[in-house]
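*Asks:* Features from Swiss-Prot:
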ACT_SITE  87  active site, nucleophile
ACT_SITE  185  active site, cysteine persulfide intermediate
BINDING   6, 7, 8, 9, 10, 11, 12, 13, 32, 111  ATP binding site
DISULFID  87-185  disulfide bond
SITE      112  site 'Interaction with tRNA'
SITE      321  site 'Interaction with tRNA'
């Protein structure tokens, strides 16, 4: 079977390629060029060292449109975007997956820490958490559709990160000791400096909950719900961003406790397996990647408006971010907080 491994030049995709080759797959490395400043040279060099074929797909224009422009637009609207979710759905496992299949691959693999299985009863592919809770990336994959999951392999889903590093050492790979980047791939530093040339903004007012003006903000795109640092407001007590109103160009500030709520509404709901709907009564959900899962009741309000009622109040549910819900190790679905 021919498998195209999405190679970034990092440890995870490299070990994925080696594992699949050991398992007898015919492996080709596939790298997407999505930034002007890089062209996949590192991935090509590693593929050469592994003695596997390597191909490059230029996706700079669609990446700019689907991910970078979306990223800037969301901040302009007072939202906090989730570019990795967008990229996985539309670019990596959308256009790049299609390119791999067009090039003759039967399956596509990546170094994501997640798992996929097939349920005979429901005849559905199901997305599962990776076994390493610190590295699990299923949150970022919740929008994948059945036709995408049917073509994917995640070789690292059953391993912990340290096991992957140990395998890299065993393969004598120099990148075994490389530090992982925690940044968004197309933003080398502060996101505010990145978006500044690409968004419209003007100064406006910080208000408290009584409507009193507390100070001036630098522009809607530069703030997010729950933010405390960088407000430059003297109020004699800690204040946090409670609400962002781009239409009025105002930002509401208040105390930390006001950020907590048991009720969350979201839209653009996506089920991994449509048969799961009847099961969706009690779930565990997380409102951002780094959040702890919390028990909740899920139900539909109207059309594409969904509601989660949590047992424990959640802090700073942020419009634009993804809420993802689980049962056990299985990702049932998720949507966009509004």
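Note that Cβ sites are derived from N, Cα and C of the backbone, with glycine treated the same way.
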*Asks:* Can you figure out which of 112, 185, 321 (the recorded positions) comes closest in space to residue 32 (ATP binding site), comparing Cα atoms?
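*Replies:* Checking each of 112, 185, 321 against residue 32 (ATP binding site), the shortest Cα distance is to 185.
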*Asks:* Expressed to the nearest Å, what is the distance separating residue 185 (active site, cysteine persulfide intermediate) and residue 87 (active site, nucleophile) at their Cα atoms?
*Replies:* 11
*Asks:* Determine, to the nearest whole angstrom, how far the Cα atom of residue 87 (active site, nucleophile) is from the Cα atom of residue 6 (ATP binding site).
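*Replies:* Between the alpha carbons of residue 87 (active site, nucleophile) and residue 6 (ATP binding site) there are 13 Å.
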*Asks:* I want to verify one value. Collapsing DSSP to three states, which class is the residue listed as 'active site, cysteine persulfide intermediate'?
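*Replies:* Assignment for the residue listed as 'active site, cysteine persulfide intermediate' reads coil.
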*Asks:* Between residue 112 (site 'Interaction with tRNA') and residue 6 (ATP binding site), how far is it from one CA atom to the other, in Å?
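*Replies:* Given the Cα positions, residue 112 (site 'Interaction with tRNA') is 10 Å from residue 6 (ATP binding site).
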*Asks:* When DSSP is mapped onto helix/strand/coil, what comes out for residue 12 (ATP binding site)?
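*Replies:* SS state of residue 12 (ATP binding site) = helix.
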*Asks:* Which one of these recorded positions, 32, 185, has the sparsest Cβ neighbourhood, judged by other Cβ atoms within 10 angstroms?
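*Replies:* It is 185 that, of the recorded positions 32, 185, has the fewest other Cβ atoms within 10 Å.
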*Asks:* Just going by other Cβ atoms within 10 Å, which of the binding-site residues 10, 12 has the emptiest spot?
*Replies:* 10
*Asks:* How long is the line from the C-alpha of residue 321 (site 'Interaction with tRNA') to the C-alpha of residue 6 (ATP binding site), rounded to the nearest angstrom?
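*Replies:* That comes out at 26 Å between the alpha carbons.
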*Asks:* Including all protein chains displayed, how many Cβ atoms other than that of residue 321 (site 'Interaction with tRNA') lie within 10 Å of its Cβ?
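*Replies:* Cβ-Cβ neighbours of residue 321 (site 'Interaction with tRNA') within 10 Å number 23.
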